[in-house]
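The block underneath contains the structure these notes are about, expressed in structure tokens.
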Amino acid sequence: MDWMWLLSGACIVFTLGMFSSGLSDLRVMVAKRSVENIQFLPFLTTDLNNLGWFYYGYLKGDGTLIIVNLIGASLQTLYMAAYILYSLERRYVVSQVLVSLGVLFLAHCYFTLWTPDINSRLNQLGLFCSIFTISMYLSPLADLAQIIKSKSTKCLSFPLTVATFLTSTSWVLYGWVQSDLYITVPNFPGIVTSLLRFWLFSRYPPDQPAYSLL
């Protein structure tokens, strides 16, 4: 049973390591008192994803999911608060947050009022969270296509790629051990996109010129 605790610990450490990548953006915003070219949407979508999986873990009684996503949601909320504080488009950003809160409220009403059966609630929430997670992992594909076109990986973060690969792999194993497809399936795309990034790093090293004269 010790190996299960080890796997759970790996999920927590690797996932929190991936979530903490936003600390570098936080330092930039605080130091320059500006959001620079930092995007707000990744913070918001990750926060929503964390809250969804937190509720799933709560319904399932899974301490690993609860811990990871509670801390993750707290970090994303911190990043969003700093972004709102230093953004010049504060009204637009706040409107996005309010719309998201409205969606969360409607989802809460649906799952608590119209889905009283705990198993149905768990299955529907698991399906929703899985689809949302898959879409997040696949969303950077357009950027990867642009990297192939420009033959430059300067905009990619190698440490974040490693963290994403380790996180996705640990959750695939965790879900497989627990026979939970809602955890296993949505993390496969994370492995695939990470392997694709590794290939791009080997094909187009960061110190390599983006274009050749030949």
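Note that Cβ sites are derived from N, Cα and C of the backbone, with glycine treated the same way.
Per Swiss-Prot, the feature transmembrane segment maps to 3-23, 38-58, 65-85, 93-113, 125-145, 157-177, 181-201. Taken from Swiss-Prot, the feature domain 'MtN3/slv 1' covers 6-89. Taken from Swiss-Prot, the feature domain 'MtN3/slv 2' covers 124-207.
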- Message: Restricting to CB pairs under 8 Å, which listed stretch, 3-23, 65-85, 93-113, 181-201, is in contact most with the transmembrane segment (125-145)?
- Response: 181-201
- Positions whose Cβ lies under 8 angstroms from the transmembrane segment (3-23), at least six residues beyond its ends: 43, 46, 63-64, 67-68, 71-72, 75-76, 79, 157, 159-160, 163-164, 166-167, 170-171, 173-174, 177
- Which whole number is the mean pLDDT over the domain 'MtN3/slv 2' (124-207)? 89
- Message: When secondary structure is assigned with DSSP, how many helix, strand and coil residues does the domain 'MtN3/slv 1' (6-89) contain?
- Response: 69 helix, 0 strand, 15 coil
- Message: I need to check the long-range neighbours of the transmembrane segment (38-58): which residues 6 or more away from its ends have a CB within less than 8 Å of a CB in the stretch?
- Response: 19, 22, 25, 28-29, 64-66, 68-70, 72-73, 76-77, 79-80, 83, 87, 93, 96-97, 100, 103-104, 111, 122, 125-126, 128-129, 132-133, 136, 182
